[in-house]
Amino acid sequence: MAPPGTGKNKSHSGAGKRGSTAGHGAKPTKVTLWTHLQKQYLNVAFVKSLIFDPARLPLVSWLILAAELVLNVFVVQNVPYTEIDWKAYMQECEGFLNGTTNYAKLRGDTGPLVYPAGFVYIYSALYFITSHGHNIRLAQYIFVGIYMVQMWLVLRLYSKTRKLPPYVLVITTFTSYRIHSIYVLRLFNDPIAILFLYVAINLYIDNRWTLGSIFLSLGVSVKMNVLLFAPAIFLLFLTNLGIVKTIGQLAVCGMIQLLLGAPFLMTHPWQYLKGSFDLGRIFEHKWTVNYRFLEREIFENKTFHLGLLGLHVLLLIAFASPCYKYFQNYCRLRHLETMFAPQIAAKNREMALEKKKKKEKPKPAPKKPEEKLTKEQEQFLASFEKGIKKMAGKESTPVNNTPESPAEEEVLPSKFSIHFDRATQLALLPIFLSNFIGIVCARSLHYQFYVWYFHSLPYLTWFTEYSTSLKFLLLLLLEFSWNTYPSTAVSSLILHTCHIILLVGIGKKMFRKIPELSQVAKATD
């Protein structure tokens, strides 16, 4: 490529009009493109927005996923695999593949089969794919894929809410040794159950209710812990679908369980129900993460278990009212999105046409009658945006109709729009909270159970009004508790303390927000 000065000299020497025209035409284009890139991306404001602006999370998510892929492959290749339950899973499935449908006879080295039928089918497939369970490395890479899909689903939800700054998710995602270990070094069934759960939540947010219920039930069929989300999802059904359709969704969930369990239910029904849905199963004290400070006699005492169950029910009842109001407002805002979508699209077409006219010479164009926003509707949407920002809290990025800085220009283009997906905040909080309450009141937590709520912890923590330093401290101490092996009285007490502090912070803000939720409800009625 010739130096820039060469082309310039040619144009001044008059060596051919064609060369002169090309020289003068190409240079300004390159300069304009470089200036545009520099203005948009090569500046401090853009870099800061990638770190702190929740609206940038869709872009940052792809960077997180790429880095996660590299990290997980590195872990698989360089960190030794630890055998815990994989061999037992294969033994249990081998019995089923040999024709046994009696759950009482399906056993492995770690004991009897205690998971529903979905687990059997999935791990039976893995049994064949991994050469009867011997190809551990292949199984690890399958779980890398499971982890990547789940992370994409989680980041998709966070991107919709615009609740957390990207740096929070980057820090929490890449600093958890325990989570990466559970997925790619242990091959537990918990990640598969949680994967189905996050598929279901994404489908519910997209208003694909029946498909979401199918995946929710599939998650339950792999491991029953998914039922901890059920109270909130039941309220979500009621507020968005009504009683009749709610019964329909529950029927879908039940039908999936019957279909999956049919080979066992038709042969040895009692053994199947007792083995796979045993709510009274006693956990081993040596594996507990949360009750190491208790004596074994107390840990296994049924009165203690009933007390925790009673506390669980009381907490669900206490939070039922604010959660129901959150779901009601979520439903109203989604209805508004549908109602205003055609008018907002018409407004944007009008603005795009005006922008095009400014660039081109004015030409007479036939006017087409379009549905436009009235002055009252524009005023309502403006006040609605302010209400959404207020509900979102200080961490959220303001939504404007025009950009205020080059860094905001791409995320917030100069068009009339409202990020209605931010209403996802109102649905996610009760769903995550329902599961969190179940974990707080769990009779026992084992190390693999960390995946049950790890990906919701940043959201729950950042919903509170604690200082940023305290939020990170809570997440750090939780990570410490889950990484202490074997667990100690201190690590268990720290875990409970963090849970209580987090639950109190969530409760204080939720109940304080009830008047604001009522105002949003009145504005949308």
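Quick reminder: no glycine exception, Cβ is built from N, Cα and C everywhere.
Feature list (source: TrEMBL):
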- 1-26: region 'Disordered' (REGION)
- 57-76: transmembrane segment (TRANSMEM)
- 113-129: transmembrane segment (TRANSMEM)
- 141-158: transmembrane segment (TRANSMEM)
- 187-205: transmembrane segment (TRANSMEM)
- 211-238: transmembrane segment (TRANSMEM)
- 250-270: transmembrane segment (TRANSMEM)
- 304-324: transmembrane segment (TRANSMEM)
- 352-375: region 'Disordered' (REGION)
- 355-366: compositional bias 'Basic residues' (COMPBIAS)
- 426-445: transmembrane segment (TRANSMEM)
- 485-506: transmembrane segment (TRANSMEM)
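In summary, the transmembrane segment (211-238) does not lie against the transmembrane segment (57-76): fewer than three C-beta pairs, each 6 or more positions apart in sequence, are under 8 Å. The stretch in 113-129, 141-158, 250-270, 426-445 that contributes the largest number of Cβ pairs under 8 Å to the transmembrane segment (57-76) is 141-158. Taking every recorded stretch in 250-270, 304-324, 426-445 and counting its Cβ pairs under 8 Å to the transmembrane segment (187-205), the highest total belongs to 426-445. The transmembrane segment (250-270) makes contact with the transmembrane segment (113-129), as judged by at least three Cβ pairs under 8 Å among residues 6 or more apart in sequence.
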